[in-house]
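This report refers to the structure that appears directly beneath it.
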Amino acid sequence: MRSQAFILVCMVVFGVVGTCHGGSLKKGFYNNTCPNAEAIIKNATEKRVASDPTLPARFLRMHFHDCFVRGCDASVLLNSTTNKTAEKDAIPNLTLAGFDVIDDIKAEVEKKCPNVVSCADVLALAARDAVSFKVSQTPLWEVLTGRRDSRVSRISEALANLPSPFSNFTTLVQNFANKGLNVQDLVVLSGGHTIGVGHCNAFSNRLYNFTGNGDQDPSLNAKYATFLKTQCQSLSDNTTFVVMDPGSGITFDNNYYVTLKQNKGLFQSDAALLTNKSSRDVVDKLLDSKEFFKEFAKSMEKMGAIGVLTGNAGEIRKKCYVVN
């Protein structure tokens, strides 16, 4: 991976200029101000993952959902207030979990280095360290640091920016292009679905009412669909969940692409990756495990730089769920 990179991202999404303040992310941003910051986060994360193997998927999804709205600025961590409903309460984020754990990890950092390390960096590092735990002796991707925290979090922006599990290929490509990511990144980052779960209401239309006529999605593996129907028995089920990658739900690997080629992609957005030649070609390349880990690192580093607040922009929150 790159030993150091200076990244400046200024996005224009939905007519709003993204955060671009002349600062930069870099390796070891806290070397002088909190030299043990990354070690504290790593140790705190690994301790918690050791007792809860679902956390890697939760942190990875949380980081993704953070970066895809206002940028990687910890806006997803803010609680709603009496007058403002935050991203956290948008429908796509209601199934996110692990906010309390991020708050606890941040608290450990605050004990050693108060008012220094941002929640945005804590989340980015914890996601990397959680996924890497038990998979690799070294971090799976590099996390440059220096992000600052947003003072703003709006439910409307989450609804407008987060990719939907019901999206087709064209819509997904546009979602990612809006964030400066390409088809390669789309397919590679979808591989994050190799860990974690999906709730029935995010895919049950493929089982019971795909075109509005009580039918099943013909692109879905028939045997897999039969199994899914035993778990999700109606369109109204919004509490039951299944692993997104059958047989590999808590193991971070490239098995997602193996199951995808068997037409066992859980969401319509997964199946969409097989509807275009360019994305199918990427899927085929990622069947090679080494290729997947290499490309996943590259795409995560790109994603981690989306719309970052740096320099004097934003703030360093003391508690991740509330502005100072």
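Glycine residues also receive a Cβ, built from the backbone N, Cα and C atoms like all the rest.
Counting only residues at least six positions away in the same chain, the Cβ atoms of Val76, Glu87, Pro92, Asn93, Leu96, Ala158, Leu162 sit under 8 Å from the Cβ of His65 (active site, proton acceptor). According to TrEMBL, the active site, proton acceptor annotation covers His65.
Sequence-distant neighbours of Ser75 (Ca(2+) 1 binding site) (same chain, six or more apart, CB under 8 Å from its CB) are Asp66, Val69, Ala86, Glu87, Ser150, Val152, Ser153, listed in sequence order. Under the heading Ca(2+) 1 binding site, TrEMBL lists Asp66, Val69, Gly71, Asp73, Ser75, Glu87.
Annotated substrate binding site per TrEMBL: Pro163, in sequence order. The Cβ neighbour count for Pro163 (substrate binding site), using a 10 Å radius and every protein chain shown, is 22.
Look at TrEMBL and you will find His193 tagged as heme b binding site. Residues near His193 (heme b binding site) in space but far in sequence (CB under 8 A, at least 6 apart, same chain), listed by position: Met244, Asp245, Tyr256, Leu266, Phe267, Asp270.
Under 8 Å, Cβ to Cβ, and six or more positions away along its own chain, Thr194 (Ca(2+) 2 binding site) finds Met244, Asp245, Ser248, Thr251, Phe252, Asp253, Asn254, Asn255, Tyr256. Taken from TrEMBL, the feature Ca(2+) 2 binding site covers Thr194, Asp245, Asp253.
Summarising the annotation, TrEMBL assigns disulfide bond to Cys34-Cys113 (among others).
Using a 10 Å Cβ-Cβ cutoff, Cys72 (disulfide bond) registers 29 neighbours. Residues or ranges marked as disulfide bond in TrEMBL: Cys67-Cys72 (among others).
Cβ-based neighbour count (10 Å, all protein chains) for Cys119 (disulfide bond) stands at 30. Residues annotated as disulfide bond in TrEMBL: Cys119-Cys320 (among others).
Non-local neighbourhood of Cys200 (disulfide bond): Gln231, Cys232, Asp237, Asn238, Thr239, Thr240, Phe241, Val242, each in the same chain, at least six residues away, with C-beta under 8 Å from its C-beta. If you look up TrEMBL, you'll see Cys200-Cys232 (among others) marked as disulfide bond.
The domain 'Plant heme peroxidase family profile' annotation in TrEMBL covers 24-324.
The signal peptide annotation in TrEMBL covers 1-22.
If you look up TrEMBL, you'll see Arg61 marked as site 'Transition state stabilizer'. Close to Arg61 (site 'Transition state stabilizer') in the fold, though at least 6 residues off in sequence, lie Leu96, Gly192, Gly196, each with a CB less than 8 Å from its CB.
Comparing the Cα of Cys34 (disulfide bond) with the Cα of every entry in Cys72, Asp73, Cys119, Pro163, Cys320, these being the recorded positions, the smallest distance points to Cys119.
Long-range C-beta contacts of Cys113 (disulfide bond), restricted to its own chain and to partners at least six residues apart, with a cutoff below 8 Å, comprise Tyr30, Thr33, Cys34, Asn36, Ala37.
Asp253 (Ca(2+) 2 binding site): 16 other CB atoms within 10 A of its CB, across all protein chains. One way to see the shell of the Ca(2+) 2 site is to take the Cβ centroid of Thr194, Asp245, Asp253; the remaining same-chain residues with a Cβ within 8 Å of it are Gly191, His193, Ile195, Ser248, Gly249, Thr251, Phe252, Asn254, Asn255, Tyr256, Thr259. Reported as a whole number, the C-alpha separation between Pro163 (substrate binding site) and Cys67 (disulfide bond) equals 12 Å. Around Cys320 (disulfide bond), the C-beta neighbours below 8 angstroms that are at least 6 residues distant in the chain are Ala74, Leu77, Leu78, Phe99, Ile102, Asp103, Lys106, Cys119, Val122, Leu123, Asp149.
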